[in-house]
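Taken from Swiss-Prot as is:
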type: ACT_SITE; residues: 22; note: active site, proton acceptor
type: ACT_SITE; residues: 99; note: active site, proton donor
type: BINDING; residues: 73, 79, 86, 100, 101, 110; note: substrate binding site
type: SITE; residues: 17; note: site 'Transition state stabilizer'
């Protein structure tokens with residue numbers, strides 16, 4: 001099984017950007033922990049981060065036929081990007097939306113996601129552990145494990 005971890009704008013600043021909201025772990029810390037989990041689960045994990053919408057769309061296109069599932073934290077593009085939504089729908093790869101903060105407890109413009117209604121699930125509000133929960137959920141879904 002192959003998964004793609006896709007992170008959008010400003011996620012590269014984790015650990016520095018508003019640590020009271022997003023925590024002190026860096027993106028590298030999160031990726032390392034998920035790589036360990038993936039290894040234990042016999043899953044291959046690819047990672048990609050970009051601050052550019054077009055690069056994220058292009059990476060989703062490249063994933064077609066090469067990955068079984070996508071974990072995506074689209075950052076601010078969650079609330080604005082029809083292009084990213086269309087790319088995810090176009091490749092028809094199951095995906096889970098993930099956020100460190102609870103987007104529903106923040107500013108009203110963050111309450112709407114252009115991805116959530118087509119995602120297998122959405123995990124938010126648990127800091128860096130949101131990624132672990134999303135990983136477990138996606139792997140279990142792809143393996144046909146019922147809750």
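Even glycines carry a Cβ here, placed using N, Cα and C.
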If you measure between the CA atoms of residue 17 (site 'Transition state stabilizer') and residue 99 (active site, proton donor) and round to the nearest Å, you get 14
Cβ contacts within 10 Å for residue 99 (active site, proton donor), all chains included, total 25
Mapped onto three states, the DSSP assignment of residue 101 (substrate binding site) reads coil
Same-chain residues at least 6 apart in sequence with Cβ under 8 Å of the Cβ of residue 73 (substrate binding site), in sequence order, are 6, 7, 8, 11, 97, 98, 99, 100, 131
Residue 17 (site 'Transition state stabilizer'), Cβ-centred 10 Å count of other Cβ atoms over all protein chains shown, is 11
Reading the DSSP string in three states, the entry for residue 73 (substrate binding site) is strand
Under a three-state DSSP reduction, the secondary structure at residue 17 (site 'Transition state stabilizer') is coil
Out of the binding-site residues 79, 86, the residue with the smallest number of other Cβ atoms within 10 Å is 86
Around the Cβ of residue 101 (substrate binding site), other Cβ atoms within 10 Å, all chains included, total 17
Using a 10 Å radius on the Cβ of residue 100 (substrate binding site), the other Cβ atoms enclosed count 23
